[in-house]
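Here's the structure we're looking at; comments come further down.
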Amino acid sequence: MLVLFVATWSDLGLCKKRPKPGGWNTGGSRYPGQGSPGGNRYPPQGGGGWGQPHGGGWGQPHGGGWGQPHGGGWGQPHGGGWGQGGGTHNQWHKPNKPKTSMKHMAGAAAAGAVVGGLGGYMLGSAMSRPLIHFGNDYEDRYYRENMYRYPNQVYYRPVDQYSNQNNFVHDCVNITIKQHTVTTTTKGENFTETDVKMMERVVEQMCITQYEKESQAYYQRGSSMVLFSSPPVILLISFLI
């Protein structure tokens, strides 16, 4: 009986010293599956946190950030920048600059601009064709019916290249009629003697108007130069500067 009592007492002592199986943060089964080697884990893992098949963060199959299947940034399937499937293949590019239309580059010579190929002549601004009476009803009617075929701009050189108005007007009429005739004839239209006579009258009036306009502008430019070159004005400008 004594031997049986001692054996029973020894078994009870060993049970008290034996660690409990399982439990939180012990060597047994653990939940979630984070533990020391040898413990049972649920679910089976390869060394990462809960729901980490390959060692990444929550919901990371291959070690990237949240929602990153292969280690890129948010919404990056293969490691590129935002919205990039892989590398720089799908990067955003700036749109090409719109090409300038030829309509914006082409155009007639501007009023007062030097016309290339005419030896320094300039093209004046468009004018209304003057109402001219030629002394008989036939020519007056002919002019009214055909005036749209005649020039409404004149070619001229700067007024300071001429000694008087007559020289300016004579040169202006000749070059204008010549250019208009050549251009119009190239298009298949011919002028009669009556047309040439009427064009000379029309262009002469427009050349006189152009001379008066250019002379006034030239005089104003000269007056401005004289004003700003006077000693009092120069002294005032120097003081202001």
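Even glycines carry a Cβ here, placed using N, Cα and C.
Annotation comment: Swiss-Prot describes 53-60 as repeat '2'.
Summarising the annotation, Swiss-Prot assigns Cu(2+) 2 binding site to His62, Gly63, Gly64 and lists similarity to another entry as the type of evidence.
Residues or ranges marked as repeat '4' in Swiss-Prot: 69-76.
The feature Cu(2+) 3 binding site is assigned by Swiss-Prot to His70, Gly71, Gly72.
What Swiss-Prot lists as Cu(2+) 4 binding site is His78, Gly79, Gly80.
If you look up Swiss-Prot, you'll see Cys172-Cys207 marked as disulfide bond. Secondary structure at Cys172 (disulfide bond), as computed by DSSP, is helix.
Sequence annotations record features per position, and here Swiss-Prot assigns N-linked glycosylation site to Asn174 (among others) based on sequence analysis. In the shown protein chains, 14 other C-beta atoms lie within 10 A of the C-beta of Asn174 (N-linked glycosylation site).
Annotated N-linked glycosylation site per Swiss-Prot: Asn190 (among others), in sequence order, evidence recorded as sequence analysis. Asn190 (N-linked glycosylation site): 8 other CB atoms within 10 A of its CB, across all protein chains.
The average per-residue pLDDT of the prediction over the repeat '2' (53-60) is 46, rounded to a whole number.
Cα separation, Cys207 (disulfide bond) to Asn174 (N-linked glycosylation site), rounded: 10 Å.
In this structure the alpha carbons, written CA, of Asn190 (N-linked glycosylation site) and Asn174 (N-linked glycosylation site) are 18 Å apart.
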